[in-house]
Amino acid sequence: MAATAVVWQPRDDGLAEICSLLEQQISPSSVVDKSQIWKQLQHFSQFPDFNNYLVFILVRAEGKSVEVRQAAGLLLKNNLRGAYPSMTQENQKYIKSELLPCLGAADRNIRTTVGTIISVIVNIEGVSGWHELLPALVTCLDSNDLNHMDGAMDALSKICEDIPHVLDTEVPGLAERPINIFLPRLLQFFQSPHASLRKLALGSVNQYIIIMPAALYNSLDKYLQGLFVLANDPVPEVRKLVCAAFVHLTEVLPSSIEPHLRNVMEYMLQVNRDPDEEVSLEACEFWSAYCDAQLPPENLKEFLPRLIPVLLENMAYADDDESLLDAEEDESQPDRDQDLKPRFHTSRLHGSEDFDDDDDDSFNVWNLRKCSAAAIDVLSNVFGDEILPALMPLIQKNLSASGDEAWKQREAAVLALGAIAEGCMNGLYPHLSEIVAFLLPLLDDKFPLIRSISCWTLSRFGKYLIQESGNPKGYEQFEKVLMGLLRRLLDTNKRVQEAACSAFATVEEDAAEELVPHLGVILQHLMCAFGKYQRRNLRIVYDAIGTLADSVREELNKPAYLEILMPPLVAKWQQLSNSDKDLFPLLECFTSISQALGVGFAPFAQPVFQRCMDIIQLQQLAKVNPASAGAQYDREFIVCSLDLLSGLAEGLGSGIESLVQQSNLRDLLLNCCIDEAADVRQSAFALMGDLARVFPVYLQPRLLDFLEIASQQLSANLNRENLSVANNACWAIGELAVKVRQEVSPIVAKVVSSLGLILQHGEGVNKALVENSAITLGRLAWIRPDLVAPHMDHFMKPWCMALSMVRDDIEKEDAFRGLCAVVKVNPSGGVSSLVFICQAIASWHEIRSEDVQTEVSQVLNGYKHMLGNSWAECLSALDPPVKERLARYQV
């Protein structure tokens, strides 16, 4: 007779002890040290069957409170995430066998905890490792018992949310994919009388819109019918999910809703006014999604007269908006740590860049007001001035509303003006002077949120005001806006300070040299703000100072200005420790100042250089031994310090020699070039390139190491994270090549091979990397044409196409020296790409270097001579503007 498998049983004393610990852990009144309890629980985790105890307590300890059972379940969930793969098969099997019968537990808290644990296990081993799971879920869903249906739906919804693809894969032993089994049941639950089932079913199906499995694609009609049935569901959470479904379908598969577009738009317009703000917020997302999906704008156009009033109405602050709570906060209240937004330093990048870099205030809560303003902004960009007839009368009406109780309507009208400033500028431009004249007094409004929004809206009109500054009235208005924003920098209200400072930074970017006559006044206001702001707004002042330096460059390098600017910054610099995160924005600020002042930064350079070195060394120590360093490792310190050193190199030029000569920067930099963090490597290669330009001799002792490590970045996996690293490494190799010449020979073949691949797949990488690859390839070809020419046929066409996009400058001249050099070595290798060579040459507006001009002419005339009668055939394939530009070479 076969032996019966022994089922695991807990020991009573162990069970009692664990339950006691869990009770103390969750008790609000427990006087016991919670950290000690946690340590004991962690100690128990080392026993192989500890997780069996936890599942037993969750599922079977009916004499214990639901809270204790739930705590056991949550601890089990966390343990399984790390420990499940290394558990014995018996223990894995026991836990799974205990969970499934509990899907229909009477208490919903127990059911949902079980559902969470099931999804964790499925995340680890898929559904093929748990044969009993899918039949158990189907049985519960088909049971007609609410507890069982709800428990199974909860578990299924978590699987759909966390790992949707797992149900859309082939499972051994199953005739069809799990999604084909579950989707009809989920769609059926749309009609359930139980709100919880309707919500879970709809939420589960929505998870599949992005990946759109065949099962859902083939059931789209049923899905859409179900959405229309649920559209007016009494439960707000269900209506919210209906809106989310329409938004996602619009984004992912707009053709699916086109036949129903009018009904969907009518519905979205209706629920945009839903009494539940979360529903109206989800509905509001639809209008931007519609425009982004490039659905026919004329369908939306007829809705504008009804839609725009709703959006404007929703742009007013809600009574419970958190901004209202802190709107009265005055400058004397110190910032708490939680008031500080997370900050993200962007590592230095060489070349034009086409990644998004929106500072979109993502830290703040997204709400109906912001979403409605974003929708108006998008509509203004799609329809331009066509929205003005519906919008402007409402804005004027709101702006003229008097009385304190109408301040929210006035504020929303100012926000709307700012939102349409770019999209509707043609229609607004004739009235620009009146609009600005109306906004200026609002900078002194008694309501701080009106003062702050007026700052933002004026900054949105800034670039157009600057265009008008050529005429006396326009210049006078520009000055008034400038002075108005500077005055608000010194507001006593923190929100207004923040808005004014951000708005001023925007105006600085647009105005550039127009700021020069006002530099003294600007610096006095900025440094006065610097002296009075709390920590959070201080970061924005640093940004405004840095932006000012970027905008006016060497104009800042005057003793009178430096006397205002530098002493407070230096004092703050000395006050902060090397591990204080408030150093980050100051390091960034000094980077901009050092680049702007150039050699004018020399008096401040030595202590700044040494501080950067100290910070990098401290962090490299903290990485391996935090206790010895007395600081926790944070790579942002290294990135900011490397970028400031790059700024010094760029600003001081060869003057950096005296700083780096006796330092160990070379070894520190080499370490950073091999760091596992992409942003550290990105900044390290930027500094390597800057040093190569101004003081290449310093890199000489480790030259081959630098070149080898840089070349490795070009053959790495070029995902989004590594693209910018590869870009800077590529640029640095090119800078080194023109300085050390023949010494780059050992890496030429490897780099040329990598650059050829990058150029061939240019559509998969960003513009900066393509341009830098074309330039560096040209520089290597110039120095070692003999090594590059044999491989011309691999990259000639994409290389020439990339060079056509590079703007005229010294780097382009270098690249063309290389192009001409390889063609001279291997003229026949360029014949098949001759049309592209001609287009690249024609991309020059003017070649300033006489020797490059001569070499280009020799290449063209060489091919003309070599091809004889075929030359005319080659020219006939060129566009007329290209032929016209080539005519200057007498070909």
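These residue numbers are counts, starting from 1, taken along the chain as shown.
Each residue, glycine too, has its Cβ placed from N, Cα and C.
As given in Swiss-Prot:
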type	residues	note
REGION	326-352	region 'Disordered'
REPEAT	14-42	repeat 'HEAT 1'
REPEAT	47-85	repeat 'HEAT 2'
REPEAT	94-127	repeat 'HEAT 3'
REPEAT	180-210	repeat 'HEAT 5'
REPEAT	262-289	repeat 'HEAT 7'
REPEAT	665-696	repeat 'HEAT 15'
REPEAT	793-826	repeat 'HEAT 18'
REPEAT	835-867	repeat 'HEAT 19'
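Across the repeat 'HEAT 1' (14-42), mean pLDDT in this model comes to 87. Using the rule of three or more Cβ pairs under 8 Å, pairs at least 6 apart in sequence, the repeat 'HEAT 18' (793-826) is in contact with the repeat 'HEAT 19' (835-867). Using a Cβ-Cβ cut-off under 8 Å and counting only residues 6 or more beyond its ends in the same chain, the repeat 'HEAT 3' (94-127) has close neighbours at 7-8, 51-52, 55-56, 58-60, 66, 69-70, 73-74, 76-77, 80-81, 84-85, 133-134, 136-137, 140, 143, 145, 147-148, 150-152, 154-155, 157-159, 161-163, 166-167, 169, 171, 178. Per-class residue totals from DSSP over the repeat 'HEAT 5' (180-210), listed helix then strand then coil: 22 helix, 0 strand, 9 coil.
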